[in-house]
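Colleague: Have a look at the structure that comes next, please.
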Amino acid sequence: MLKFRTVHGGLRLLGIRRTSTAPAASPSVRRLEYKPIKKVMVANRGEIAIRVFRACTELGIRTVAIYSEQDTGQMHRQKADEAYLIGRGLAPVQAYLHIPDIIKVAKENNVDAVHPGYGFLSERADFAQACQDAGVRFIGPSPEVVRKMGDKVEARAIAIAAGVPVVPGTDAPIMSLHEAHEFSNTYGFPIIFKAAYGGGGRGMRVVHSYEELEENYTRAYSEALAAFGNGALFVEKFIEKPRHIEVQILGDQYGNILHLYERDCSIQRRHQKVVEIAPAAHLDPQLRTRLTSDSVKLAKQVGYENAGTVEFLVDRHGKHYFIEVNSRLQVEHTVTEEITDVDLVHAQIHVAEGRSLPDLGLRQENIRINGCAIQCRVTTEDPARSFQPDTGRIEVFRSGEGMGIRLDNASAFQGAVISPHYDSLLVKVIAHGKDHPTAATKMSRALAEFRVRGVKTNIPFLQNVLNNQQFLAGTVDTQFIDENPELFQLRPAQNRAQKLLHYLGHVMVNGPTTPIPVKASPSPTDPIVPAVPIGPPPAGFRDILLREGPEGFARAVRNHPGLLLMDTTFRDAHQSLLATRVRTHDLKKIAPYVAHNFSKLFSMENWGGATFDVAMRFLYECPWRRLQELRELIPNIPFQMLLRGANAVGYTNYPDNVVFKFCEVAKENGMDVFRVFDSLNYLPNMLLGMEAAGSAGGVVEAAISYTGDVADPSRTKYSLQYYMGLAEELVRAGTHILCIKDMAGLLKPAACTMLVSSLRDRFPDLPLHIHTHDTSGAGVAAMLACAQAGADVVDVAADSMSGMTSQPNTGRKNGSPQHICKAFSDSEVPLERVFDYSEYWEGARGLYAAFDCTATMKSGNSDVYENEIPGGQYTNLHFQAHSMGLGSKFKEVKKAYVEANQMLGDLIKVTPSSKIVGDLAQFMVQNGLSRTEAEAQAEELSFPRSVVEFLQGYIGVPHGGFPEPFRSKVLKDLPRVEGRPGASLPPLDLQALEKELVERHGEEVTPEDVLSAAMYPDVFTHFKDFTATFGPLDSLNTRLFLQGPKIAEEFEVELERGKTLHIKALAVSDLNRAGQRQVFFELNGQLRSILVKDTQAIKEMHFHPKALKDVKGQIGAPMPGKVIDIKVAAGAKVAKGQPLCVLSAMKMETVVTSPMEGTVRKVHVTKDMTLEGDDLILEIE
């Protein structure tokens, strides 16, 4: 019984109930016996195997799959009714080329017919003959036709005989490189090598010059041999910028041949099709007629049966040239099916059963084009790395679907392992619409819906193709990809959720990613965020600054009736107490409360200094982003940063243009007040920083670093006259505000009165700002003395973040007499709000228990007056002493600090000079050296690098000069810097640096990134690589960031407003053979799992070393694959661009070339070795 439906004015056979006799054929067609097929084996794998299985199932035919040892987990074997292993012990590709095994499986399991799919044996005449000899039908052309069409030289001769135009080329496969030379001499370049017994871009190489000839001949031969079992090549003239148009043909055993119109396959990479379109856009109707009639003519010339494709090149003048016949089903057959409504696989099977095309309702006059279809091949290739194949485990797979979308895939599912052994095709996406623009829109939407994680895909590249105006206009040729470099300006996938799971899994398996000084867990409870009023915050001092500029702001500060406060909680307080580890996540929570309740603050110190380095190095967050986000949340209070003069926010000197650009960009991002200091009070360094801050439009606050005791007549080096003289210079240089920066808390009340009153008398109109630390416990008394002596601003911290090595607290200031502290009297800021602020920070401080100085310190210490250790350093030095096993000797470290300071000439001690003294002190304690012994042995000892560079003059000249003869003994013949260190540095080419960063990290490089890299190149690189791997860590709460989740813990992560992840940690597996543990999560209700390397276990296991990206000369594998040839040996001289070795992956060969000139130091691979991406191949020096 036949079922018909009307389609485009013709009758179409949809199905045939299986009977043993054929219905009557057309009278004009001879009768042959109809032999129904009951069982089909697909001699292939992956997507095409499943495509055929589906067609068989629709026709009621039983299916058989074959699979290699490497394909045991592939979906095609599960989709079949039966599946059998072939090629045991053979290489992955060879298994599917082993004809005896395949025929044996077919015979043993009563297979009626074999479908070859595409690739592998699909165009091998010997395979078609073997099937025929075994009594198994071959679903395709006869062996003789396969042979003729598979031999491109013979196919070319047949085309010539049929009157079909061809490209100039050899009449037979060439046997040597010499023949290729002769051909190129006759026809000139460019030429192209093609595999004589296969297609798909394998064994195909374009040659533009004699210099390229030998290498490309060798590679093409090798690829053809590996892919098709025969390395024979033929060569022809290469037509530049043609369109690649192919015509789908279908024939039966009765001589009927018809075409199903054309496909445009011009969008190619490495001669492999990427996007296919049917019908070809803007194709001249007469040219279409010539193409289709020539295709039918050629098929009739050889008596073609079943499905096939005739391929042509069409030049810019509309001339077409036959290039080959693919005597099989094509990858892109799908688009033809969509526009003609003909199921080609159904038709193939029916023809093999003995049906005629008219029996199937397939007559040329009934074949019509219905709309437009586009196919995109989604592959596991990385377009950012020249489409190198990527392998691994698919962690997430979500496809694009909906009206007009068809998906043909195989192993595209969560948990699937992408092998390096086979083609990189993941899924074919086919969009069908009424016209080309409609189909393109549907395709773009579908690709945008895809989520593939765990392996790289070409989806970002395909999206660029779909959005390209030339593509949308339908005017592409085979050079489209090469001539549109903007296609490679890829928009990286955010992949935020999966990256965060990787981070959490890493912490669960390997522990915290940031160094933990002491074993203490974060508080299990989050801090309480006090309520914030609705609406904008009240006006503050920043409004004055924006309205009246730096000079007007300074006048307003000086004229303010009472003492103003700067809150250091957001920077110096947590640097002193919590090792600078407080994250932006916790600062943002309390920021709106500060904006609404403390608008009368002179400023907030929240940036610069150590926070810049620590943010990237240990917290894996961008310090610029912190500034931007806090500025948005606190628009009304001036921000203040710590600028280390010519050192900016680093620990060394930079070219002047870097410092100026840094200040400019900081001001643009919301910084207001630049507290400029130098660790040695070295005036040239300070003046540079002041000039940079002033030229950027910032408020310049020159800070004199304080040490010694001006009230002690015996301390003569840093006397009152010294400080007054320095102040004169800074005021003359144009500072808006003058600051005394007492980093160690050495200012005693008597000294405060003497120094501040002298400054006030000398500079009555200049605002004075005093900064101290409360290490001795006398901080509040000192600041009150400063206020009474005429200071305008003093620094304080939230009560719970004050005291010890931090600043004095806000609450105690608030309890001072009103005439001293009007700004924080109860009439302006109720104590309750200060208490709420402190309560938040008390809770937040608990999250950082592992960094809290109270883990090793229980109180401040008045011995600071003796050792003069700065507050922030006091805490860090204590942690360092414990980590180095000197915890019990901290008293000795402090004593050595005093001696080290004297050895170095009694320095101003602020970062980085304080670090130099601290390094020397710990060096002395570790080596059991007294000052006398260290000085006596100075010529023999290997002092810390920081000490040596200080003595060389790399951070400036200390007051009173360098200590002699100690300096000369240490330096010996080492070079010395004279004058301001940065003055001799050439300007840094920031544009070149930006270009370098873009090449390494992609297009998402900001001006802020350039400055981060300029000051901390290694730290910035690690930060960018880390966040590229683990995502937006600032969205995690601090306990999760430091400790990770507990098993069965459920939590939420807000990526952005309106996008919240619901996560539950489920389990961690045992160690696998690769040194990994599988970590299971539930994400938004769906199971997710990731593999995490156990770093401790890996130390005990042997793995091939990886090439380090930052080590010049280490050459890594650009893709996973097998080493098939090594071109050099250890000791060999290599030139830039010289081939080093050849890798093969997914049947594609890649030549790894030298990026530099040098000598091969060591080769780390051997032939036939299998590598993963970035595995170390060799080292060049």
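Every residue, even glycine, has its Cβ placed from backbone N, Cα and C.
No curator has checked TrEMBL annotations; they are predicted automatically.
Positions annotated as domain 'Biotin carboxylation' by TrEMBL: 36-486. What TrEMBL lists as ATP binding site is Lys152, Glu236, His271. Residues or ranges marked as domain 'ATP-grasp' in TrEMBL: 156-353. The domain 'Pyruvate carboxyltransferase' annotation in TrEMBL covers 563-835. As annotated by TrEMBL, Mn(2+) binding site applies to Asp572, Lys741, His771, His773. The substrate binding site annotation in TrEMBL covers Arg644, Thr911. Annotated N6-carboxylysine per TrEMBL: Lys741, in sequence order. Annotation comment: TrEMBL describes 1112-1181 as domain 'Lipoyl-binding'. For Lys1147, the entry in TrEMBL reads N6-biotinyllysine.
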Colleague: Name them in sequence order: residues not among Lys152, Glu236, His271 whose Cβ is within 8 Å of the mean position of the Cβ atoms defining the ATP site.
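Modeller: Same chain, not in Lys152, Glu236, His271, Cβ within 8 Å: Gly169, Ile192, Phe193, Lys194, Ala195, Met204, Phe234, Ile323, Glu324.
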Colleague: Between Glu236 (ATP binding site) and His773 (Mn(2+) binding site), how far is it from one CA atom to the other, in Å?
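Modeller: Spelling it out, the Cα of Glu236 (ATP binding site) and the Cα of His773 (Mn(2+) binding site) are 82 Å apart.
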Colleague: Can you give me the Cα-Cα distance between Arg644 (substrate binding site) and Asp572 (Mn(2+) binding site) in Å, rounded to a whole number?
Modeller: 14
Colleague: What is the number of other Cβ atoms found within 10 Å of the Cβ of His773 (Mn(2+) binding site)?
Modeller: 31
Colleague: Per DSSP, what is the residue tally for the domain 'Lipoyl-binding' (1112-1181) in helix, strand and coil?
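Modeller: Taking the domain 'Lipoyl-binding' (1112-1181) as a whole: 0 helix, 38 strand, 32 coil.
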Colleague: Given the binding-site residues Glu236, Asp572, which one's Cβ is surrounded by the fewest other Cβ atoms within 10 Å?
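Modeller: Checked Glu236, Asp572; of these binding-site residues, fewest Cβ neighbours within 10 Å: Glu236.
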Colleague: Which residues does Lys741 (Mn(2+) binding site) neighbour through Cβ under 8 Å, counting only same-chain ones at least six apart?
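Modeller: Set apart from Lys741 (Mn(2+) binding site) by at least 6 residues yet with Cβ under 8 Å, we have Arg675, Phe677, Ala703, Ile704, Ser705, Tyr706, His771, Val910.
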Colleague: Going by a 10 angstroms cut-off between Cβ atoms, which of the binding-site residues Lys152, His271, Arg644, His771 has the sparsest surroundings?
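Modeller: Sparsest of the binding-site residues Lys152, His271, Arg644, His771 by Cβ contacts within 10 Å: His271.
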Colleague: Which whole number is the mean pLDDT over the domain 'Biotin carboxylation' (36-486)?
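Modeller: Taking every residue of the domain 'Biotin carboxylation' (36-486) together, the mean pLDDT is 93.
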Colleague: For Lys152 (ATP binding site) and Thr911 (substrate binding site), what Cα-Cα distance in Å is obtained after rounding to a whole number?
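Modeller: Between the Cα atoms of Lys152 (ATP binding site) and Thr911 (substrate binding site), the distance comes to 75 Å.
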Colleague: Would you mind reading off the Cα separation of His773 (Mn(2+) binding site) from His271 (ATP binding site), to the nearest angstrom?
Modeller: 70
Colleague: Give the number of CB atoms, excluding that of Thr911 (substrate binding site) itself, located within 10 Å of its CB.
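Modeller: Total other Cβ atoms inside 10 Å, all chains included: 21.
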